[in-house]
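Colleague: Handing you a structure now.
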């Protein structure tokens, strides 16, 4: 294949040459990055199949060949200084393999294939843009043609549409509708008006109110079209209703979509459109796509030339790719023929093309290293030319070395190069091999696995090498929580970390960040600590008889992005199922644990802060109780410990409003569902204790990423995180209600029995007292008994009034206590006034806000919204308060009438006295007539 002609523009040629050099050095990733950054730059059109694409590809192939020669030239220099060696009677050796990282022919073909796909996608996107532009231009030309035919003044139509957009009043909609019906003289007139509405609604800068108000206008026009049988205008609106509705529906959020969806239900109910249009409106995305396809078919004369031009361009790119592949195949054939014609023991210094992957696979593996105790032999006859090359020490390879001694660099010469030592010294800057790998096509098993627990090779993540400096960036604190060396938990043995990982809080020399009376900032870690997660199977679980690492769980959940935290080690087991224990023992045992997502993330760095009960770092908290760590592990896993309320070390020394809110949780019973005041004296601090497996599982589940089984809500919290708790809460509440209903009849029976007993006792007492009393007393008593009988309404009529009143007061003695209990509720402290303050809550502003419908209507009618009501703001400013309780004769008086009028009060008092006099006169007259009758 001949070299294509370079561009005449020297600047463009320099750009192509420089880019070919950079891509040859840095690999195809650099080309991808350049294509993404320069996709809109016309100078880089050769990357997307432009005019000089073939010149760029040939230049790139030449640069890659030159890079291969430069990389292999230093490897041939030691062979020229060596004496000639006798040729063994063996088969001719294969030519020198290309250096690792140099693209082979297959890679070049794949790179060209990927480039072809990218260019094709880019051309398809450009084709779509040009087709859309061509269709829009054709539609605009059609509108201009209709405008010339009808001679309608569309500016007058716009003047009528503007009030509809601004206020959407009935008068504005009626004016727009009347103008449309008065100008709907012919089908072109109707198409022009409908097309104008479509252009206004589907414009890119149209806001939601504009679209919604104009759709209201269309709805009114459709209604009158059906009433007046205006078929031409109805047919014109049917053509444009799909893009109008679908564009407006897809451009807004869900709450605004409901307003538009109501119109669709109305249209479907009234039968304005046929079934095909209704189906397109019910699925807006599909309907909009069908409408665009209809436009392409309608304006095919404009669209076909654009599509044909792009198809030709894509076909030319495919042809160039096929020519490039055939050229590489021909060069490979020529190279193989040259190798068969000129067999030589040593490779030639000049290699024109990269080797095939098959040649790389045919090269024999490097010889195995001899034992270290054997002396270094002299150069054997079959020694390869690059055996004397000094080994390249790779960074990070020492991490996998399990031997205690240091390798002798002099012993590496006769041993031969390792699999990671075949890297040329002048490797390109983009080539970086962090781990030792074998050459292409060779699967060389390791002589001895670096880890005794893994026979298949080293794990993906290197060990920490007994140091946490590189991960955390600063030292950790002392093993004690509060800096006390003589604490009862400091004399216990360290956990077993299998000699690979050091204890996370051992061998420290600086004061702990959570100790002392002053808090220090948390650790500045680049990634979360791995010791908090589950342990790999080749390690033993640490003994949890050490003081726990302090945490602070009073934090918001982190950002739920997968990039924030590294993936978990592949050998680590999944976390424990997060099932939580309830102190009342009402855990839903029939519900299994939720599924856990395998790609969970590690705990957040902010979790390393201290809890408020972690020793004397806060001067107001008491010290941890002695011997808290003496429980065996199987006792610790049984659930929450029993808190001794008499322990003085658990009583907080600060006000209750300075304590964490979580300390209220033990005081609220599971069956409680109504407000009950809590006594601050009952609050106790949790005793210090090692974290249980359930607690660790809960923390792990809290910081794990969202999954299908555990979705998140809009604020980032787990959707069903408290499902088990709410389920247990509802069960306890239901059980309590059932018990209350079951115990209801028995309680009423006991009350009636006690009521009967008390009445019998009181009746016996009253009978005894009545015998010893005089007649006058009994008369007065009987008079009082008649009054009390009318008041008490007791069931028993055999006993006297005093006994009835006594028995009633005794049997009903529970009601005042209930009232007293309800009055003794502690009021909830106001949140606005702040905790511990006695100031009254602020008086809320009684004026109506802008979200009030009445406020909005008054603004539309010309009210400024700042002063009183009315155009001149002469009315009241504050809204009318709610009506107070009035007397019967005042309840029909209007708003603003003074109820404390002195004249009205005087008149009312006089009426009271007049009525009293009239009643007294009537009584006196009736008494006099009775007396006269008796005398007679």
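Including glycine, each Cβ sits where the backbone N, Cα and C put it.
Taken from Swiss-Prot, the feature N-acetylmethionine covers 1. Feature annotation from Swiss-Prot assigns compositional bias 'Pro residues' to 81-91, 363-383, 534-550. Under the heading domain 'CID', Swiss-Prot lists 149-289, citing sequence analysis as support. Annotation source Swiss-Prot lists compositional bias 'Low complexity' at 330-355, 488-500, 551-560, 759-773. According to Swiss-Prot, the compositional bias 'Polar residues' annotation covers 395-405. Residues or ranges marked as compositional bias 'Basic and acidic residues' in Swiss-Prot: 561-572. For 594-603, 748-758, 774-824, the entry in Swiss-Prot reads compositional bias 'Basic residues'. Here Swiss-Prot flags 850-900 as domain 'G-patch'. If you look up Swiss-Prot, you'll see 853, 881 marked as SUMO2 cross-link, on the strength of similarity to another entry.
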Colleague: 10 Å Cβ neighbour count around residue 853 (SUMO2 cross-link)?
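Modeller: Result for residue 853 (SUMO2 cross-link): 8 neighbouring Cβ atoms inside 10 Å.
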Colleague: What are the DSSP helix/strand/coil residue counts across the domain 'CID' (149-289)?
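Modeller: Going through the domain 'CID' (149-289) residue by residue, I get 116 helix, 0 strand, 25 coil.
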Colleague: Averaged over the domain 'G-patch' (850-900), what pLDDT does the predicted model reach?
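Modeller: Mean pLDDT for the domain 'G-patch' (850-900): 74.
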Colleague: Take the domain 'G-patch' (850-900) and count its residues per DSSP category (helix H/G/I, strand E/B, coil), listing them in that order.
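Modeller: Per-class counts: 11 helix, 0 strand, 40 coil.
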